[in-house]
Amino acid sequence: MAQSHRLPRDLPSRSFGYEKGAILVAASQLFGALMNLSARLLELDGEGMHPVQALLIRQSLTSILCLLYMWWMKTPDGPFGHKSLKWLLLLRGFGGFFGIYGMWYSMMYLPLADATVITFLAPGIAGFICYFVLKEPFTRIEQLASLVALAGVVLIAQPTTFFATSNGVDPTTAEAAENSGLPGLDHEATPRERLLAIGMALVGALGAATAFTTLRVIGKRASPIISVNMFGLICTGICSVILLSAPYLNIDQPALRWVWPHAFKGWALLLSLGVLGFGLQYLLTAGLAADKSNRANAMVYTHMLFAASFDRWIFHHEMDLMSFGGCALILCSAIGVVLMRKPPPPKVDDVERQGNIVGNGEMSPMLVGVGGNGDDLILDRLR
């Protein structure tokens, strides 16, 4: 009698286990895109909430949760970390603040997809910083990809509009933006506003790259929860000072002021910022811990697909040819670096590099942590 061949009963679980990392990373990018969408809707809700206030509320809630967690778990060196890491943690916090604020500010004048794709410059900038500061290699492929990505930014900025006249701007939308302080959904960004948004998005990419680099230097010397807490505290402090001083110094008025959320919708959007932000961090770090291959790293770029979908189906924005070309250049350069990256084998006498391979995260780029196993997680710089 012929022997029947049956598939193992645990085949689905094996398949999920193999793809678990990539699935979790893709899910984290959905959470991140939804978080940015919530921030954009807050800017449009009622009188409009400035990104500084939205960031203040989100990061203050994050700090409260981190402080409670460290108190409950008796985290060593909590809540501010060891004094030898004070300046690194401060730099990580300042870099993280500009990373998020630059992104959220640019969303006021740029479509979600355009603002999102510029953040993908951060790994290349981090590689440039590591080359000069940490003496790490910055390969020809990385350099070429960075130049291609910068060309993409130029296309997104649409330089031809800088030489056009502004007679086509609807005066009613301009008057509404002036009265409310923040641009509404129907506001058409002027060349000056678009250029400013591109500049702030680039500042955000530089801030994110600074945060990545400091995390790489800090490594395992500080618990990840301490790093997240310092990030939240610094953002809370910066945003509080800005909100308190802006009205007296007449900075960006009347937009930059405290406003209460508009009805239930505004409160729900604020709550979603915290929940989605936590989901983003947890799923991303868990996914990269489960699969450290380039396949999981490449899933980060699914964020662009979600952002473009929200632009099309929620804001009814159709990407023009120039912006599409710019986004394609940035995405192709970033994904190409990930897929072509082949780290050289360590030399026998390269003790530090060997330590990275066996899990010494102190010398690993872009280290973050997940639970008990997170100290071995390596977020590889895109090369």
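Numbering starts at 1 and runs along the chain as it is shown here.
Cβ atoms here come from the backbone N, Cα and C positions, even for glycine.
Just so it is clear, the model here is predicted, and its values are computed rather than measured.
According to TrEMBL, the features are:
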- 20-157: domain 'EamA' (DOMAIN)
- 21-42: transmembrane segment (TRANSMEM)
- 54-72: transmembrane segment (TRANSMEM)
- 84-104: transmembrane segment (TRANSMEM)
- 116-134: transmembrane segment (TRANSMEM)
- 146-164: transmembrane segment (TRANSMEM)
- 195-218: transmembrane segment (TRANSMEM)
- 201-338: domain 'EamA' (DOMAIN)
- 225-246: transmembrane segment (TRANSMEM)
- 266-284: transmembrane segment (TRANSMEM)
- 321-340: transmembrane segment (TRANSMEM)
Of the stretches 21-42, 54-72, 195-218, 266-284, 321-340, which racks up the most C-beta pairs under 8 Å with the transmembrane segment (225-246)?
54-72
So which of 21-42, 84-104, 116-134, 266-284 is most in touch with the transmembrane segment (195-218), counting Cβ pairs under 8 Å?
84-104
Apart from its near flanks, which chain residues at least 6 from the ends of the transmembrane segment (116-134) lie with a Cβ under 8 angstroms of it?
33, 36, 99, 103, 106, 142, 145-146, 149-150, 152-153, 156, 198, 201-202, 204-206, 208-210, 212-213, 216-217, 301, 303-304, 307, 326-327, 330-331, 333-334, 337, 365-366, 381-383
Close approaches to the transmembrane segment (266-284) from elsewhere in its chain (Cβ under 8 angstroms; 6 or more beyond its ends):
24-25, 27-29, 31-32, 34-35, 38-39, 41-42, 45-46, 49, 54, 57-58, 61-62, 65, 228, 260, 368, 370
On the DSSP side of things, how many residues of the domain 'EamA' (201-338) fall into helix, strand and coil, could you say?
113 helix, 0 strand, 25 coil
Composition by DSSP (helix, strand, coil) of residues within the domain 'EamA' (20-157)
112 helix, 0 strand, 26 coil
Over the domain 'EamA' (201-338) the mean pLDDT stands at 82
